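Under the heading active site, proton donor/acceptor, TrEMBL lists A:Glu90, A:His259. Residues annotated as active site, acyl-thioester intermediate in TrEMBL: A:Cys124. What TrEMBL records for A:Asn162, A:Ser216, A:Lys264, A:Lys268 is CoA binding site. According to TrEMBL, the feature domain 'Hydroxymethylglutaryl-coenzyme A synthase N-terminal' maps to A:18-181. Taken from TrEMBL, the feature domain 'Hydroxymethylglutaryl-coenzyme A synthase C-terminal' applies to A:182-465. Taken from TrEMBL, the feature signal peptide applies to A:1-17.
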Number of protein chains: 2
Amino acid sequence: MLSVLLVFQFLHRLCGALVYFPSQYVEQVELEKYDGVEAGKYTLGLGQKQMGFCSAHEDINSLCLTVVQRLVERSRLSWDSIGRLEVGTETIIDKSKAVKTVLMQLFQDSGNTDVEGIDTTNACYGGTASLFNSVDWVESSSWDGRYAMVVCGDIAVYATGNARPTGGAGAVAMLVGPEAPLVLERGVRGTHMEHVYDFYKPDLASEYPMVDGKLSIQCYFRALDQCYSVYRKKIQSQWQKVGVDKPFTLEDFQFMIFHTPFCKLVQKSVGRMMLNDFLAAPNPDTQSGLYKGLQAFRGVKLEDTYSDKDVEKAFQKASLEMFSQKTKPSLLLSSRNGNMYTPSMYGCLASLLAQYSAQQLAGSRIGAFSYGSGLAASLFSMRVSQDAAPGSPLDKLVSSLSDLQTRLDARKRVPPEEFAEIMKQREESHHLVNHTPQGSKDDLFPGTWYLERVDDKHRRQYARRQLYQIKV
Amino acid sequence: MLSVLLVFQFLHRLCGALVYFPSQYVEQVELEKYDGVEAGKYTLGLGQKQMGFCSAHEDINSLCLTVVQRLVERSRLSWDSIGRLEVGTETIIDKSKAVKTVLMQLFQDSGNTDVEGIDTTNACYGGTASLFNSVDWVESSSWDGRYAMVVCGDIAVYATGNARPTGGAGAVAMLVGPEAPLVLERGVRGTHMEHVYDFYKPDLASEYPMVDGKLSIQCYFRALDQCYSVYRKKIQSQWQKVGVDKPFTLEDFQFMIFHTPFCKLVQKSVGRMMLNDFLAAPNPDTQSGLYKGLQAFRGVKLEDTYSDKDVEKAFQKASLEMFSQKTKPSLLLSSRNGNMYTPSMYGCLASLLAQYSAQQLAGSRIGAFSYGSGLAASLFSMRVSQDAAPGSPLDKLVSSLSDLQTRLDARKRVPPEEFAEIMKQREESHHLVNHTPQGSKDDLFPGTWYLERVDDKHRRQYARRQLYQIKV
C-alpha cells in the first residue's frame, strides 16, 4: 500500500481502529536538494519532514475501496449494518459518477443496497461536510438504527515548483453512531464560507490545482478568526444559560487540531487563536502570564494582521508551550506524509489518539478547525468519553492506533528522482483509456485495492491484493 | 433568461414561490427533421415536445446565482435567515471549488457567512441528497432555527446523435424548515445504490457524458423496483404498528412524480409500479378491475422484464388511467423544457402544484422517485398540508406557480440550425480562459445572472441583468 490509509471510529460498540501507512515516501530534505532550493525551505519553512505519494495504479476509488473494506473487516461489521455512506473528496475522476457508487461493489454480496449518501465536494472540507451530514442523520427521524460511515480521501499532487512539496495522499473512514467514545459537541459549530479563488481546479483535464499561496494563507487565517469567533459566541451563550459567565479561550481546549496544508501554518494558527483570545479579553494581563509583553499589540485589528510578521512572531512565541501541549502531537502524520486534503484533519485526530493514553484523553475537549479553499471552514469540538478503563471503547480505539509511529518508520524511502518520475507517469497516464497503469501490486500492503485496467469506454476495473498470505 | 429556473418552497411562513421559464427552446418535431430521423422519434418515442437550452454566457454558477437571489427577493427573506445552503449538481466546472462558495457572494452585504453545506454529486441525484441532508439538519441538534436552502441545477447537453434531444437546463431552489405545506414522510425513504456505468462523465475536458442508453433504462427500472419494494416494506411496517394490515399500492399515492430523462420513460414507470403491485398482491383479481386480463403475467420475475415489450405494453395499457390522473400533469415542464438533471423531479413537483388547486392537493400523498445514474436512487413521499384556505401557505405556493403554462407559451422558439450553432459555441468555448463568452444579456429575463468574463487565471466574473426596468 503506497499511501496512508487511516481507519478509526467514533463508536463505542466497535473495537477495531486501524491505520495504513505509506510504504513509499520522499524525504523533504532530499527534495530541497533535488529542487535546488535553499536548505530548510521545506523542512523548516514548511515544517515538513517527508511526503507520501501514490503510483499510477492508485486512484481515489482504490483508496476508498481499501479503507472502507478494511474498516468493515477489522470491526467485524456486517455490510448490512451500514445505513449511510458518504464520501468527501476533491479528487474528481468523473464529473457525474460518485465514488460512493463504486464502493457499493463491496456491499454486493450482502444484498444491502439501501445505503444513503453520495459524494460531497469543496476542496479539503468534504470530510467535515460528510461528518456533519452523518451526525445530523443519526439525530434525525431518518436514522434507521444503522451506522453511518464517513469516508474521505484525496491524492494531493502539484505541478513542479513551489507547491509540489506540499502534496500527500490518503484516505480515512469513520463510523458514526450513538454513544460513541468521541462525541461532537452540540450547537457550537462555527462556520465561515465565502467566495474566493485561493486554490481551485478549473483545468479539468489536469490533476493539478491553481494556487495563490499567499492569498490562501490569508483566507485560512481569516476563516480561523471568523469560525473561532462564532464558536466562542455559541459556546459562551450555552455557558451563560447554565450560569457560567466567562470568556472561552484556547485554555478550554485540551487539544486543538487543524486542517494541515503544512505544519508550520498550524503552529502559526495556534498563535493566531491566542491573538484572538488576547484581543477579545476585556483586560488582559500583559505584565505576567500568557500575554506578558504583548501590550504593544493591544490595538491591532485582526483583519490587518494576516501577513504582519511582528504579530505572527510575537504570538507564535507566546503560544509555544500551548502549541507543544495541545497541537504538536497531532502533526505526526501530517509532517511525515504531507497534506492528504479532505482526510488531513482526521489524520491529525488519529495522530493525537495514537500518542496519548486513554487516561490522558478521557474527558478532554478536542477543538477541530477544518478548512477547504474556495472557501468553506468550520471550527467544532469533540468530547472524549470519561470511561478510560482497560477494555473500554476509548481504550480499544487508542490502542489500535498506537503503532502509528512504528509503521511510519517502516516505510520505503524513494529518492526524489524516482518520485519525480512517478509524478510524470501519473501526469501522462491518469486520463488514458484502454490502459493498464504502471505500478507493482507487490508494493502495496496486503488488502489494498488498486486500479487494474481502464477500458476503451473509460470504465475502471479494480483488484485487491490478498489480505493475508496463505501459508502452506 | 434562457433557461428554466424554478423557485418554490417547502415552508409555510413564506408566500413567495416563483418559476423562471426559458425564453429559448427548440421544437422536437423540427429537430427530428433537422437530424433526419423518422418523424415521431423524439415526440412520440421519447414523449418530448420542446427542449430548453443555454447560450455560452450561462453556466452552473450563473443559474444558481439567479435562482437563489430570486427566491430570497420574492420571499422577502433576509440573507441572515439562512443557516444552511447546499447545492446538488453534476455540471462540474471546477473539481475543487464548490458552486456553494460562489453563491456566498450574495450573502456578502449581510455579513452572514455562517452558512453550512457545500456541493453534492451523483448524476441527477444531487438535489435529492441535498434535500435529505437539509431535512436531517432541521431535525438535528445542529439546527439553529434558520432556513435551509436546497439548490439544484444543471446544464444537460449531449454530443450530436441519439441522445442530443434528451438535453435540457434549469435550476431549482427550495426552502426547508419546520411546519411546511409539504412535509417529507418520516422513516419510509427507500434507497437503492449500486455500481454501474450506465451514464457517466469520465472525459473531464468535455461537457458531454458517456451514455449506454439501454443499460441506463434497465438500471432505472431496477432501481425503481428496488426502491418501491423498500418503501412499501417500511410504510407497511409503520401501518402494522397502528393496526393497519394491508399492502401499500400505487392507489395510496394521490400523485406520483419521477426523475424524467424523457417523458415516455415515466409513463412506462407507472406501468412498472403497477407490475410491482400486481406481483406483490397475494391474490390479484384478474377477472375485473385494474388487473383484468393480466393473468398471463402472474409468473414473471421482475428482473427478467426490464426489456420485455409484452409486459411493458400490457402494464402501460392497464395503468393508463392512473398515469393520466397521478403523473401526467407533472410532466408539463419536462415535456417542454427537457431533462434538467438534478432539478428534473423538482420541476415535476412544480408542474403538479401549478396545475391543481390547493383544495385538490390538500391532504394528498405525493410519491417521488429520484434517480441518478451510476447509480443512486430513492423513493420517498411528501404529504400536502390539510389547510387549503385562501391565503394559506399552500394556497400561496400553488398560486405562485399557476402561470407556468402561460410562461412556457411565451418563450422564443429557435430553429434547430441556430440551436446546433449555439451548442457548437459552447463546445468550443466552455473551457477557454481570458475570454468573454458569446450571448446577449438582452436575451435574458430581468434579474438573471450571466457569465461576464473568464480571466487568464480561470476566475469567473458574473453580472446580473437588472431586475426591474426603471421607468422615467
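Each residue, glycine too, has its Cβ placed from N, Cα and C.
Feature map: annotations from TrEMBL on the structure.
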| residue | record | Cβ contacts under 8 Å, 6 or more apart |
| --- | --- | --- |
| A:Glu90 | active site, proton donor/acceptor | A:Thr121, A:Asn122, A:Ala123, A:Cys124, A:Gly126, A:Asp154, A:Lys201, A:Tyr341, A:Thr342, A:Gly372 |
| A:Asn162 | CoA binding site | A:Gly213 |
| A:Ser216 | CoA binding site | A:Asp198, A:Phe199, A:Pro261, A:Ser373 |
| A:His259 | active site, proton donor/acceptor | A:Cys124, A:Ser344, A:Met345, A:Phe369, A:Ser370, A:Tyr371, A:Gly372 |
| A:Lys264 | CoA binding site | A:Leu44, A:Gly45, A:Leu46, A:Gly47 |
| A:Lys268 | CoA binding site | A:Glu312, A:Gln316 |
Max Cα-Cα distance in Å among A:Asn162, A:Ser216, A:Lys264, A:Lys268, the residues listed as binding CoA?
20
Could you check the recorded positions A:Glu90, A:Asn162, A:Lys268 and tell me which sit with their Cβ under 8 Å of a chain B Cβ?
A:Glu90
Give the helix, strand or coil assignment DSSP yields for A:Lys264 (CoA binding site).
helix
Under DSSP, is A:Ser216 (CoA binding site) helix, strand or coil?
helix
For the domain 'Hydroxymethylglutaryl-coenzyme A synthase C-terminal' (A:182-465), what's the mean pLDDT in this predicted model?
95
So for A:Cys124 (active site, acyl-thioester intermediate), how many other CB atoms are inside 10 Å of its CB?
32
